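Engineer: Take a look at what TrEMBL says about it:
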| type | residues | note |
| --- | --- | --- |
| DOMAIN | 95-345 | domain 'ABC transmembrane type-1' |
| TRANSMEM | 9-30 | transmembrane segment |
| TRANSMEM | 101-122 | transmembrane segment |
| TRANSMEM | 134-159 | transmembrane segment |
| TRANSMEM | 195-214 | transmembrane segment |
| TRANSMEM | 280-308 | transmembrane segment |
| TRANSMEM | 329-352 | transmembrane segment |
Amino acid sequence: MFRYIIRRILYAIPVLFAILLVTFTLARLIPGDPCKAMLGEKATQESCERFNRKFGLDQPIPTQFALYMGNILRGDLGDSIRFGRPIAVMLAERLPMTIELGLTAMFIAVLIGIPAGLLSALRRNSAIDVVTMVGANFGVSIPVFVLGLLLIYGFAVLLRDTPLALPPSGRLSPGVSSRPFYDQFGWNVDQSTPGFLLLKFVANMYVFNALITADWRVLGDALKHLLLPALALSTIPLSIIARMTRSSVLEVLGQDYIRTARAKGLHNRLVVFRHALRSALLPVVTIIGLQTGAILSGAVLTETIFGLSGVGRSLYEAITSRDFPVIQGFTIVIASIYVLFNLLVDISYAFLDPRVRLR
């Protein structure tokens, strides 16, 4: 198992390098001049020359890439052209929002998608099956931004004076603040503290921070603000997971060993949950891993619609302002998360099916 994990990590290195190279190249192909985007269209030539020299944009592109790779190997993601702040600090502030949103969306998708697909398979050709599959087809078809706007209109406008009303934007309500756990524990933490960025990263995950400190008011408010964007972001993965679960369960139920188990007189519930479902989950787990990418990419629109300051919205702003270091730094971190999640999916195969051997 250990050797397999190491091999998978080594395989991920050229993948991440290729992503970094493509991102670096595409960022330079974006129309427009970073100097004019930052300083304005009336910026003088001398100002642009100083600007380009400051951020290394006056160097040939291969030289820029070599310098950037050297910084990456030293753990330095560079500074934002637009804000003049280290990318690592911006990630510690923005990435927790995206992770919370993505995990909540994936939780909703798995929690509803697998049972819905299983029930649809067990009630094949029934009204439940038809309604579930029609809903799944609709969920796959509707764009995230359209669903997001509909959810905002429904829960924040039409139901605003009812107990079902949900906030349309932001992470916390006015008057509610999330105090970092290290402050509440009385730790003396500042920017010179080793691991400061990691502590800040954890504290900016409001749900997790509230769980650590048992701050139930902040926890409830943070989850309430997460619900609408997570529902919008989870719809497509949920629908795909439901369809794959139904298809996989139906295929497994037709296998010889399932017919043998039933011939031995085993209860149908035991056949389904002990024998069929475990094997049927293998392709579903693969789909869950692939849908991580869909959730990360969908976060760009979702965070913009709901006014959330996460990685997706920051990437959109960086692209429009030609902030190359932010584009590159955020992209490589997102790609690393995707590769890590799919590594966990691969490892989970051994626990779902004893026939799978990881060597």
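Heads up, the Cβ atoms here are built off N, Cα and C, so glycines get one too.
Keep in mind that what you see is a predicted model, and the values were worked out from it rather than measured.
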Engineer: Quick test of the contact rule: Cβ under 8 Å, at least six residues beyond the ends. What residues does that give for the transmembrane segment (195-214)?
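Structural biologist: Beyond its ends, the transmembrane segment (195-214) has Cβ neighbours at 88-89, 91-93, 95-97, 99-100, 171-172, 178-182, 184-185, 189, 222-223, 226.
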Engineer: Based on Cβ pairs under 8 Å, which of the stretches 9-30, 101-122, 134-159, 329-352 lies most in contact with the transmembrane segment (280-308)?
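Structural biologist: Per the Cβ under 8 Å count, 329-352.
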Engineer: Between 101-122, 134-159, 329-352, who has the most Cβ pairs under 8 Å to the transmembrane segment (9-30)?
Structural biologist: 329-352
Engineer: Which sequence positions outside the transmembrane segment (329-352), separated from its termini by at least 6 residues, show Cβ-Cβ distances below 8 Å to it?
Structural biologist: 1, 4-5, 8-9, 12, 15-16, 19-20, 23, 72, 77-78, 87-88, 91, 94-95, 99, 278-279, 281-282, 285-286, 288-290, 292-293, 296, 311, 314-315, 318, 358
